[in-house]
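In what follows, a structure is listed as structure tokens, so that the remarks can point back to it.
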Amino acid sequence: MRAAGVLVLLLLLAAADAVLPDGAAGPWPNMSGVVVTDTMTLLDEQGAGQTRALRPRLLPRHFIGTAAVIRGNGYDVEQHTVTTPDCYNLTLFRIPNKNGTHGTMVFFMHGILDSSAGWLVLGRGVALPFVLSDLGYDVYLGNARGNTASRFPSCRHDPDRDVEWWDFSFHEIGIYDVPSLINYALKNSNKSDTHYVGHSQGTTTFFVMASLVDGMMSKIRTANLLAPVVYLKCTLSLLMWVASIPSTLLWLAVKALGVPQLVNILPYGPIYPLLGDTLCAPSSPTQDVCYLILFPAAGFNWDQNRTVFPDFWANSPAGCSLKQMSHFGQSVHKRCQEFRQYDYGPAGNLARYQSVVPPSYNVSRATCNLTLVYSLNDYLGTKPNAQKLHCEIPTSKLVEVADPNFNHLDFMFGKHAKTLVFDGVVARIRSYDGL
């Protein structure tokens, strides 16, 4: 029964090729036919901004976005579009301080195949951004290029027409997206520094930024890195092992075909809310099969809050680049179990890096107040890899989740995420702030 259900779901997922242009979606009121016009702010080298309208977009059925989820939970929200130095347009959401003042800032960065909506699945009173907002913090939620919320045309390419638009990995997200989002948020809130909370790839890109972007660590008050994914030597994740298939040749071959849809991995489509509302609903006998789709990648844990699972599928997966996924896969190979820049092969590396081996990221440059939070049942961010990372950053703190069954996705929507993880994050942030 479960095997047949898995096959059906995989076929449905394979058919999910209808890509939404922006925002995280959910099974909320139908807004099909609504036309919206976004604005984006261009920052020059001095930080001055210029706002202009982007092309109008038609919202498809089921689309409502992160902003509506925030409003639906009773909070105000702002939506900003930030342009990176290499001209990608990213969506940044803000939950302003409820008191109307600019409280201390907290910036959130999501994981791979996720978006800002992933932080909100557990809802008011539980989801970490809402909890911090209730405590008076000024909350920002970033979105990396390639996900549902940051899929605008760049200055040179269009994601729906040009395969070149997808020529990025977590390297570009780390050196361009995360710093640009943080700097914009700081300027918008008139702040000099922020707390940082990252999950999965949101931890990877933090270390890329720390290693290569000068001056950013002075802007980070604390960094709480949940389920850190840097070293993958001991990974048990099926997702990472699939990504480890010789990816340089695969990326070059697919890129040569010039078909953008082939390099956009698991883009969001209307099939996902349908799955969440039907096959993955709490009352559905097939809900266990929905979990089986995720567990081989994240870790098996049947102790779940089954009522929120449809909301997860309503927002995820949010898409990523084939090259982004393959960069993770390169770290799985025995010959390359280090945290390195993208491997283009000996000839490509020599041309790009003046070395046949890609340069390593220097994680020890993460000099801020930093806490690594890992769990024993996380198939991606395993204990040995978290320990190795901790050893390379002597000033870091290493925290183990007090539940041996807690997995990679439980950090976002786990049944006990608040008591096991979020409360600790809040305590560390407030302690640093003297509260």
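Quick reminder: no glycine exception, Cβ is built from N, Cα and C everywhere.
As annotated by TrEMBL, signal peptide applies to 1-18.
Marked as domain 'Partial AB-hydrolase lipase' by TrEMBL: 68-121. When pLDDT is averaged over the domain 'Partial AB-hydrolase lipase' (68-121), the result is 92.
Taken residue by residue with DSSP, Ser200 (active site, nucleophile) is part of neither helix nor strand, so it is coil. Residues annotated as active site, nucleophile in TrEMBL: Ser200.
Just so you know, the Cβ of Asp378 (active site, charge relay system) picks up 30 other Cβ atoms within 10 Å once every protein chain is counted. In the three-state DSSP reading, Asp378 (active site, charge relay system) counts as coil. The feature active site, charge relay system is assigned by TrEMBL to Asp378 (among others).
The active site, charge relay system annotation in TrEMBL covers His408 (among others). Of all the Cβ atoms in the protein chains shown, 29 others lie within 10 Å of the Cβ of His408 (active site, charge relay system).
In the three-state DSSP reading, His408 (active site, charge relay system) counts as coil. The domain 'Partial AB-hydrolase lipase' (68-121): residue composition by secondary structure is 10 helix, 18 strand, 26 coil, according to DSSP.
Between the CA atoms of Ser200 (active site, nucleophile) and Asp378 (active site, charge relay system) there is a gap of 11 Å.
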